[in-house]
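Contents: one structure, followed by commentary.
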Amino acid sequence: MNTEAEQQLLHHARNGNAEEVRKLLAAMARMEVVADIDCKGRSKSNLGWTPLHLACYFGHKQVVEDLLKAGAKVNMLNDMGDTPLHRAAFTGRKELVLLLLEYDADSTVVNGSGQTAKEATHDKEIRNMLEAVERTQQRKLEELLLGAAREGRTAEVSALLSRPNPPDVNCSDQLGNTPLHCAAYRAHKQCVLKLLRSGADPSLKNKNDQKPLDLAQGAEMKHILVGNKVVHKALKRYEGPLWKSSRFFGWKLFWVVLEHGVLSWYRKQPDAVHNSYRQGCKHLTQAVCTVKPTDSCLFSIRCFDDTVHCFRVPKNSVQQSREKWLEAIEEHSAYSTHYCSQDQVTDDEEEDVVSAMDLKESLARAQTCQQRLDREIYNFLKMIKECDVAKDMLPSFLQKADIVSEASRETCVALNDCLNLFTKQEGVRNFKLEQEQEKNKILSEALETLATEHHELERSLVEGSPPVSILSEEEFYDALSGSESEGSLTCLEAVTAHSFEENEVPGSSGKHRMSEGKDCGGGDALSNGIKKHRTSLPSPMFSRNDFSIWSILRKCIGMELSKITMPVIFNEPLSFLQRLTEYMEHTYLIHKASSLSDPVERMQCVAAFAVSAVASQWERTGKPFNPLLGETYELVRDDLGFRLISEQVSHHPPISAFHAEGLNNDFIFHGSIYPKLKFWGKSVEAEPKGTITLELLDHNEAYTWTNPTCCVHNIIVGKLWIEQYGNVEIINHKTGDKCVLNFKPCGLFGKELHKVEGYIQDKSKKKLCALYGKWTECLYSVDPATFDAYKKNDKKNTEEKKNSKQTSSSEESDEMPVPDSESVFIIPGSVLLWRIAPRPPNSAQMYNFTSFAMVLNEVDKEMESVIPKTDCRLRPDIRAMENGEIDLASEEKKRLEEKQRAARKNRSKSEEDWKTRWFHQGPNPYSGAQDWIYSGSYWDRNYFNLPDIY
């Protein structure tokens, strides 16, 4: 687009330079200038306004006419939600209002202040004019609705009733017939069902005192209208100002909205229009209204959970207003109760569902008639070919023609019967589908309401509860309260940095410590022959505060979560293959294990490595991009002493395989992960199916384990936070030693948040060592007897504190445990196995990445010439998101997904199976479980016949 031409168009439209506007429009028509006639201004004087808005506001009639003739959108909205008609009406320009109406301006559009053009004007004549136009437009829509109902055009009826300002579903013609009358006497079943679901009243009478039932044609139509069929009308939105009572703040005025069986209240009406800043809501299932005879303003609502909400109507038109509210609440309560309790199909509904046997018999009859028709036609044609036509043969031909004609009629009747059965079946299925969709919507809104209330209850319980153990931690309260996490993160960095200097892992070399948070520098400079890596991303992340995961998931209830396409704003600029690579951040633990001679000490290091593998997930609520089938990723880190290759080996189910090896041939680390997702209402759980295998080649040992379950909480309301829980069993297949780690769920008050505890046992289950810590911070080892004694004493102290609190509230402050400098209490005699490095200062702006994660998508020209074209670093949607180009990332993500679907369809047509390149399926050599094994030859760099996936 030509930005300069658009700025000129905006300037001339604002100043009324009609001649200049015509020149620009003519140049645009001749394609000499490419500009948008509906462009929006970006300067202070025209911000968010189109040329038509400006010309209407400043009263330049000729410019308005020229713009409309050139195709300017007459109902375009500016940033305040105003149409040009709003601006012309507001400034009292009658001629422009008439001109806009001639070009079909919509007078019913509501702006950001909740006003139509009629309500925005101060000119009485314009108001009367717009009211007359609205009545005319409304009557035209009503006539269209009546005509569509008479002719049985169900799609047109649905479209008219789905408009932002639909016609009255109970409008009438000159005879007093409503659309329901018209559809009923023409026996248009689908139209009748649609009208009833849209609120048509079957009790209304025409001028001859007839109801739709009196005009209905056929028993089936009468059956529907009598009401044997469960058809509930769609309720209209009802809203207005009400005073609401609060326990602490008394009476307060709100704008209250009733919609889809949910009562919501807002501070102001514009908030309700945009459904923002909702102050509260209540689901009306089984709700009951009560009034006090002595107070004509007051009424209360008792909800299904026995909570009572008191409201008071404004004093103007008290009785009438309260009656309307009570009627509306009763209707919405009945509507919500019906859809939340309707589980069984009624007998009448079952009768309408045509059985498979009926359909089969109908089709068989039609096929028999068709075969007879084919046979008679064949005989007729054969007779013509074999006989010379003579006068005496004409009667025979005529008789045969009659037989063929009769067979044709029978075939048509049979096929028509079959078609009618299928049509009836389709109608019933559509009706049931709409009912289930409505029920689904009601239940999802109920779930959101209950989750909000449950969240508030959790907050009140947590805020009112003191810590119950020295092992409890304060940052859990932040996770539930929704406060910012920067403070706790900074505190944690200070603690870990201080402790890291004092508790350095014995025997770890400087080379190994490079992975633990030291500044890696940036650019391509070399330090001691080791390449320096970048310390930040090209662009910070976009805020997700205005987006809700629940708004996406509520539309996908019942779907497999792995197949749901999420908006790119919820992603982080890494593929899941790159996220898997973060297992290798603390590779120094594997090197250390290889250097130790004691098998128990080796198991300690392996256990620490297994815990450290999930540490980077804390506060990483962004979803990695789903890898495309055939996508690969490689990482070579000379400074950390390993190289890794991974491949997406399956799309449904999504399976990622990886293989890493030490550069000094001291270890092999491999496995395959299938993240199985479950939606639990308030949380999403990811269970990483698949076996992880670590081979220490110098000791001829192999260890296998599975990762813990990851859960993202507060999907519906509150701040997202992550926890890991479940048992992880690490087995040494050579010695029989076993390490069982318990990743503890946090519980209600967060006492166990992030905790990891476990024991190393020999093959006779004798405890050799105890391990404890937090997967977000550190892991220690200690003598098992000492650990058991500490646990017993800690449990005793906890019970004493509870009893102390119950006997004397005055001693509560003295009994509160003093926070230690360590968020994990260190048992005397413990040995530090692993401590997480502090994240970089800019981590919060960089998707909460660790220093290791920052470099995973880094690419330079030298690397680009070496890696295969299937590598994640070359994936355009991830690259665009990393650069801050969200719109481009979304477009590229959609393009790649469509390309993958097209490739899958082509393989299906050609019956060609997908073949993985670098991995093959087979049993794990140690556990025997099905696994994906590295086939070799990747590092030979012979990348031929690779799929085109980007």
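Heads up, the Cβ atoms here are built off N, Cα and C, so glycines get one too.
Looking at 430-463, 498-531, the range tied to coiled coil in Swiss-Prot is 430-463. With a cut-off of 8 Å between Cβ atoms, the residues of this chain six or more beyond the repeat 'ANK 1' (47-76) that come close are 9-10, 12-18, 21-22, 25, 28-29, 37-41, 82-85, 87-88, 90-91, 93, 95-96, 99-100, 103-106, 109. If one looks beyond the coiled coil (879-913) by at least 6 residues along the same chain, the residues whose Cβ comes under 8 Å of a Cβ in the stretch are 537-540, 542, 565, 567-569, 571, 573, 625, 628-629, 651, 857, 873, 947, 949-950. Secondary structure by DSSP for the repeat 'ANK 3' (175-204): 16 helix, 0 strand, 14 coil.
Shown for the repeat 'ANK 2' (80-109): DSSP residue counts in helix, strand and coil, namely 16 helix, 0 strand, 14 coil. Looking at the repeat 'ANK 2' (80-109) alone, the prediction's average pLDDT is 87.
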